[in-house]
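Undergrad: Before we start, here is the structure in question, set down as structure tokens.
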Amino acid sequence: MAGSGRRPEHRGPPELFYDAAEARKYSQNSRMIEIQSQMSERAVELLGLPEDRPCFLLDVGCGSGLSGDYISEEGHHWVGMDISSAMLDVAVDREVEGDLILADMGQGIPFRPGTFDGCVSISAVQWLCNADKKTHSPPKRLYRFFSTLYSALARGSRAVLQLYPENSEQLELITAQAMKAGFTGGMVVDYPNSAKAKKFFLCLFVGTAGALPKALGAECADGEESRQATFTNERMRFRNAKGRSAKKSRDWVLEKKERRRRQGK
């Protein structure tokens, strides 16, 4: 599951915890939506996507599509996968623009190599650290997830996974399996000195060893707020996918307004 924007209390597997009632409850909670939007915006920022073309992104644990809404508003296209059918039902009812797939990320990412220009995930990856079934091995499920994600991403792209680790051991387990799968990168911790605002983003690079983006709320030695590291990606395969309007054009603005109108905003 994804995307609740809160630290989930573990009450069994996410596909059971996030039933229809729970899914609709937080999808209509204005505070949840605000937190989700903020984390989604930060995750997409950390992807360092090129500004001159739309990209094709994967949203792992997309939930009811709140993070997908931001991706669409930025002019990109996306596919969301989630283990909770109740959450995906809410996403369908909300008429999100992305394509949706019911899938368990612990069983791997079911896409061809090089399909995506980037990946985001909000509040989902820590679920893989729980052994909800006797056959579940957290290290094996994490490695299966990261190795297939690495394959599904284009060379030179990034994955940014926001998560709520329960402890340092979970952080080490998750990071170790990501590196074992071939990723480089590391953890970006925004506002590390704030108990309330502190957020963990695992920022992973595919095929390149780029500079890790600077965290928010952590000032550079010269006292200036650090800037985000950027990179370029030459893949143009998904330019104007689905025939959508160029970002920031008049038609794009009108389409965005219509999307918000449908969502009751």
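Using the three backbone atoms N, Cα and C, a Cβ is placed for every residue, glycine included.
Automatic prediction, not curation, is the source of TrEMBL annotations.
The domain 'Methyltransferase type 11' annotation in TrEMBL covers 58-133. Under the heading domain '18S rRNA (guanine(1575)-N(7))-methyltransferase Bud23 C-terminal', TrEMBL lists 204-265. Annotated region 'Disordered' per TrEMBL: 233-265, in sequence order. Summarising the annotation, TrEMBL assigns compositional bias 'Basic residues' to 238-247. For 248-257, the entry in TrEMBL reads compositional bias 'Basic and acidic residues'.
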Undergrad: So what's the mean pLDDT when you look at the domain 'Methyltransferase type 11' (58-133)?
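TA: PLDDT averaged over the stretch: 94.
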Undergrad: Could you give me the DSSP helix, strand and coil counts for the domain 'Methyltransferase type 11' (58-133)?
TA: 25 helix, 20 strand, 31 coil
